[in-house]
Amino acid sequence: MMEERAAAAVASAASSCRPLGSGTAPNPTAAAPASSPAPGPGPVGKGGGGGGSPGPTAGPEPLSLPGILHFIQHEWARFEAEKARWEAERAELQAQVAFLQGERKGQENLKTDLVRRIKMLEYALKQERAKYHKLKFGTDLNQGEKKTDLSEQVSNGPVESVTLENSPLVWKEGRQLLRQYLEEVGYTDTILDMRSKRVRSLLGRSLELNGAGEPVEGAPRASPGPGGLSGGESLLVKQIEEQIKRNAAGKDGKERLGGSVLEQIPFLQNCEDEDSDEDDELDSVQHKKQRVRLPSKALVPEMEDEDEEDDSEDAINEFDFLGSGEDGEGSPDPRRCTSEGNPHELESRRVKLQGILADLRDVDGLPPKVTVPPPGTPQPRPHEGSFGFSSDVFIMDTIGGGEVSLGDLADLTVTNDNDLSCDLSDSKDAFKKTWNPKFTLRSHYDGIRSLAFHHSQSALLTASEDGTLKLWNLQKAVTAKKNAALDVEPIHAFRAHRGPVLAVTMGSNSEYCYSGGADARIHSWKIPDLNMDPYDGYDPSVLSHVLEGHGDAVWGLAFSPTSQRLASCSADGTVRIWDPSSSGPSCLCTFPMDGEHGIPTSVAFTSTEPAHVVASFRSGDTVLYDLEAGSALLTLESRGSSGPAQINQVVSHPSQPLTITAHDDRGIRFLDNRTGKSVHSMVAHLDAVTCLAVDPNGVFLMSGSHDCSLRLWSLDNKTCVQEITAHRKKHEEAIHAVACHPSKALIASAGADALAKVFV
């Protein structure tokens, strides 16, 4: 439409610049400052475009090409703005629809998963019950037990029967079994709809039923209030008041009053029943097995018999809606017939349902139940009101909708609180990380003394007493045997030491590694490609250079990526700091010069202060050194109350000023680098603690000992969370080294049995 109007305007301007008629576009110059109406008797009439003579005053201004272009631009801008607004609204609505669809799909998936899980748990519960029955009675639950007790009935004299058919547990099992079969044939949702429909119809006609029902003999007729009983809540209150008045008139009014109120509000009893634990359930099973002697004459039913009869009637009434599903709301309610019609109808329904349950048990393999007709005619239930139906089934349905909107979840059972608390504790334990062996490294010929992980790849470097270092690519694992740990072959062997290799550490970015041995030398190695062929020729460029200066075996190495410095401790009694990247003399400083603390055993850089290094000694001392000052800064209190014990390894916490030491006296001590005080001390193993490693996040500590065990400790509460037996003893030695991967969920251990193991 806009294009037609613009074309008409251009045509009229090109022809004779006639005034704007009624059939043309509005004057674009109307937006000019002189926007007031033109002087004259009035605006242009309807006949302005039909050839009528103009008025005595001047007409509208003639059209011009700039005005037409301005009008077109204005209309185009308005159209684009509306289009953008429409697109934004459309995108917003599409996003909302997509969000709602995704939420609905997620809820359906969650419901399906929960149903599957609960079905699995119910199946496991059935298996456990069968196992318990076999352990207690020595026989399996089979169909051969169905007629075991039928021959024991005696026709003359008192009758013996097993009270199995009326117990709440039996009816509960029957309900669950019938619900399962109904769900398999696809009647679950339909049945729930019918039940909700009938509940609404009953509540809607409550006033009519109250007026039509016959009053109970001996009880006053209840007259409706001024407002009538319009809701389910008023109906329930009215029914409870009538029942209290009826029960108060009898002999045992006080006893029956309490029972009647509880029966009238059955969900209180259900809560107690659901909260019973497994021991109570087992007691009820034993109670069902007890034989009760019934005299030939009819007895007054006790409270327990009434409860059992109530449960049986509830079970029958539970399935009354199956027959009323086709009739709809207008079908007669079987519950009304029990009190207004034939009194034997309840008995016939109960016998019919027991026959159905017996047939289903033949198919499902459930234990048989003995059916004995009750003595005498069943009495009317004391808690049935004048309406003729029981409220046991419908009370929970009227509260918040009940089962109406549950769908597939309607047939699920609820566990008691004790089982729930156990499940919560078990779920907490399930979240704890459990380390399991994944790789076994078998290529060394003697004990492995040290380990070092690659910083970013799944690779491990081992140093052994056989004089070699070996590089392992853990991504190239092969399975040697079925159900066995994966074996890994080394991709490269480093050979240059003249004697056992005692220490190894990774350099910056894992491009270089450094090893120290019994030959008093420190070798710098270039890490080869992890995807190299293990059978390639020897590459002499792998050995970078040698750091010399120590006079005895090098027992410990540590590298600081921050300061690019290498620290070493030797049996000659010194700790040296090296610059491994220097081409000239690379030893920067040496301490202690006097050897007052003895022979160092381990060295480590502190994580919080890169310019500080901590060293441990055989004398049990732990000294903190300042690299900038080149002197001892602080002596930590690492000696225990029982006397000095050799420290085998010292490590630093990755995020706190904390030093951790492993001692020969089976202890682990935590020391504060700021004060030098001992923060915590504990006995960690059954033998000497030989090695330590802290994970990069500072959550747990791993320790190894000569008692052949690895233990993982929580650094929050200093408790052991896992113990692993991974190595065997050799010459009274077991585990020599442990390590944690800097960036992956891998830990490793090495021992005197020439094996290294990796855990995930």
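For all residues, glycine too, the Cβ spot is worked out from N, Cα and C.
Listed in Swiss-Prot for this protein:
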- 7-35: compositional bias 'Low complexity' (COMPBIAS)
- Ser53: phosphoserine (MOD_RES)
- 69-136: coiled coil (COILED)
- 71-79: region 'Caveolin-binding' (REGION)
- 165-182: region 'Calmodulin-binding' (REGION)
- Ser206: phosphoserine (MOD_RES)
- Ser223: phosphoserine (MOD_RES)
- Ser276: phosphoserine (MOD_RES)
- 332-346: compositional bias 'Basic and acidic residues' (COMPBIAS)
- 595-635: repeat 'WD 4' (REPEAT)
- 730-759: repeat 'WD 7' (REPEAT)
So which residues does the repeat 'WD 4' (595-635) touch in its own chain, when a touch means Cβ under 8 Å and the partner is 6 or more beyond its ends? 555-560, 562-563, 565, 567-571, 573-575, 577, 588-589, 643-657, 659, 661, 663, 671, 673, 676
Secondary structure content, the region 'Caveolin-binding' (71-79) (per DSSP, counts of residues): 9 helix, 0 strand, 0 coil
Checking distant contacts: for the repeat 'WD 7' (730-759), what same-chain residues at least six beyond its ends satisfy Cβ-Cβ under 8 A? 433, 435-442, 444-453, 455-456, 458, 460, 462, 464, 466, 472, 474, 485, 687, 690-696, 702-710, 724
Within the repeat 'WD 7' (730-759), count helix residues (DSSP H, G, I), strand residues (E, B) and coil residues, in that order. 0 helix, 17 strand, 13 coil
Going by DSSP assignments with H, G and I as helix and E and B as strand, what are the residue counts for the repeat 'WD 4' (595-635)? 0 helix, 22 strand, 19 coil
